[in-house]
Structures are given as C-alpha cells and as structure tokens.
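Here is what Swiss-Prot records for this protein:
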type: BINDING; residues: 21-29, 68-72, 128-131, 158-160; note: GTP binding site
type: MOTIF; residues: 43-51; note: motif 'Effector region'
type: REGION; residues: 181-206; note: region 'Disordered'
type: LIPID; residues: 203; note: S-geranylgeranyl cysteine
type: MOD_RES; residues: 203; note: cysteine methyl ester
C-alpha cells in the first residue's frame, strides 16, 4: 500500500489574501518575492493577478491564494468585487511616499464598506521599501500610530532585500485562520443550542 503523502491540494485549507494599496508601492514586488524568491523592480500594472502556493503554516500544510490588485484609480470600480472575495488584506504603502500612506485610509474604508457584515477583518498595514531609509517620508511612529488606531499590526518590509516578506503573509494567514476558527466555533455553538432546544421541545411533546 502506498504511503500517504499528505493531503491533496483540493483538501488543503485555503487562505485568500488581497494586496491593496496605491500604484507603485511594491505590492507586486512583495507578492513575487514571496511566491518565487525574486525581486522584480518594474512590473506593468494590470486589473489583478492571482497566485496560489502551498506553504506550511505552524506545522500545517495550507494553500495561500494571493490576489494582487492594481492601485490605479482606473480600477477603483472593480475593486469591490475583489475585496468581497478576500479573507484578509495586506494594506501596503511606500515609506518613501507620504501620499501612498495617506491613501491607506481610503482603501481601508473601501474594505470596511464592502465587508460591512463582518466583525473583525484580518488586515495588516505594511510599510514597504524599508531598504530606502534615506528617502523615508513616513516616520515609523506615524505609521505605527495609525495602525494602533485601527487596531491592526504594522510591519515594515523590503521586497528588494526580502526583509519581513514572509512575516507579513504568515502573520496575516494566522489572523485569517483565527477568524475562521472563531466563526466555526460560533456556528457549532448555535447548532448545539438549536439541537438542545429541539430536544427539549420533543421531550415536552412526549
């Protein structure tokens, strides 16, 4: 009998991550660095590119699905559809461009509006291009303060040097996993209380 080589891809837990942020902040560079261990400096923006990879998250084999959305205003109208499909979001700006940091508030509002029925949306604020410290326009304290105000984690990354690239994707997957577990627990709790109620009603009828 052949040894079981682990779960098939179809049966693996899938975590859906959406890359969000202004154009040119390095969303694609972060994605490609995480996926293929390579730094791509010039990348033509498209509506969205989708990537899927099998990874080991805290000892469990899972799949991550990454949707890399374009930051340009031209694509703002179709962004809502992408946001609906996401389970967690990396909200990316460039530490060398304060305008891209300011824009994160608007992107966050859009996410909250689209996911308004959900309680806590897994989201990390990511300050990319940390290798360009001499060109920094966004102080660490300012970015961290905004993230704290929103109740989320702030991490600085460099797609070029790969600093914290794995961290942001894995930390976000952990948040997504925790949310799914909490939701499943709630569902099971509701089912359990319904079955208890149903049992009591049947007992009363006897």
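Cβ atoms are placed via backbone N, Cα and C, with glycine included.
Everything Swiss-Prot records as a feature, shown here on the structure.
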residue : record           : Cβ within 10 Å
21      : GTP binding site : 26
24      : GTP binding site : 17
27      : GTP binding site : 29
68      : GTP binding site : 24
129     : GTP binding site : 25
158     : GTP binding site : 22
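Residue 24 (GTP binding site) carries neither a helix nor a strand DSSP state and counts as coil. In the three-state DSSP scheme, residue 129 (GTP binding site) is classed as coil.
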